[in-house]
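Feature annotations, courtesy of Swiss-Prot:
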- 6-218: domain 'UCH catalytic' (DOMAIN)
- 77: site 'Transition state stabilizer' (SITE)
- 83: active site, nucleophile (ACT_SITE)
- 157: active site, proton donor (ACT_SITE)
- 172: site 'Important for enzyme activity' (SITE)
- 242-266: region 'Disordered' (REGION)
- 306-334: domain 'ULD' (DOMAIN)
């Protein structure tokens with residue numbers, strides 16, 4: 001694997017990943033962190049395009065067979081710090097029915113016939129991808145020299161799980177190719193992937209709790225708006241049927257429709273109320289999504305901002321007014337008191 005060559009590390013956070021995807025040019029896609037592997041959580045977020053798993057990397061022997069599917073986009077990891085962005089790309093570039101944007105679409109076409117190592121090199125050389133990735137750099141005024149005897153930090157790694165052409169794949173840029181986990185349908189692929197993810201979680205949880213799982217999904221606001229349109233149509237159909245019954249032009253017999261839809265006034269009014277509640281719930285969810293996106297935006301601004309000059313100026317101002325030393329002494333006294341309490 002090459003050195004990082006100007007690639008920063010980025011935080012494993014759904015707000016960061018969502019903004020990164022948008023800045024690359026992909027439309028109506030977001031990332032959500034998963035706290036459980038329950039099917040109810042999957043159902044809430046569907047459609048799920050792929051899963052991204054972060055864990056502390058340790059070298060391991062691999063005896064699984066590499067898939068020979070040449071249609072799948074698979075790139076070897078060449079730049080260490082690019083692994084998060086590469087895991088995201090592994091999902092996006094293997095997904096159908098999403099708008100990649102002109103530049104990423106051209107990139108996908110350009111590298112389509114490249115071998116995995118060259119695909120990885122192409123990712124590292126893409127100005128669009130690199131600049132977008134590095135837009136999340138946290139400015140640091142301090143430069144630390146790399147000492148030879150300095151203990152290396154833990155290496156964390158991202159892998160992806162995706163459905164592709166009727167099968168579930170695990171994509172790990174440190175491996176020679178994709179691993180096929182089994183056959184699937186668009187509706188059950190998460191059920192196929194879950195046991196493999198659980199196995200990894202159980203393995204790492206024995207001595208390592210620092211891992212997380214995120215889902216790449218269609219934009220929730222767009223999905224909810226589509227749901228509301230469907231509910232509005234259903235409500236309109238029910239109201240038309242109710243109007244027909246009230247005017248006497250419609251039958252009041254369930255047998256006429258084979259019991260497929262409510263045909264009594266009571267049942268129709270009940271169903272209209274149910275649909276109204278569903279619409280209200282969806283609208284409330286949209287408001288929560290909008291609030292979440294505002295929070296993500298604010299958090300990302302704070303992540304990128306260097307607060308060190310502000311802190312230094314505050315300290316300087318306290319020192320000029322002779323208020324710094326009393327605060328330092330107060331802090332020392334508090335630490336001393338806590339140490340005495342623990343003895």
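Cβ from N, Cα, C; glycine included.
Given the structure is predicted, the values throughout are model-derived calculations rather than measurements.
According to DSSP, residue 83 (active site, nucleophile) sits within a helical segment. Of the recorded positions 77, 157, 77 has the largest number of other Cβ atoms within 10 Å of its own Cβ.
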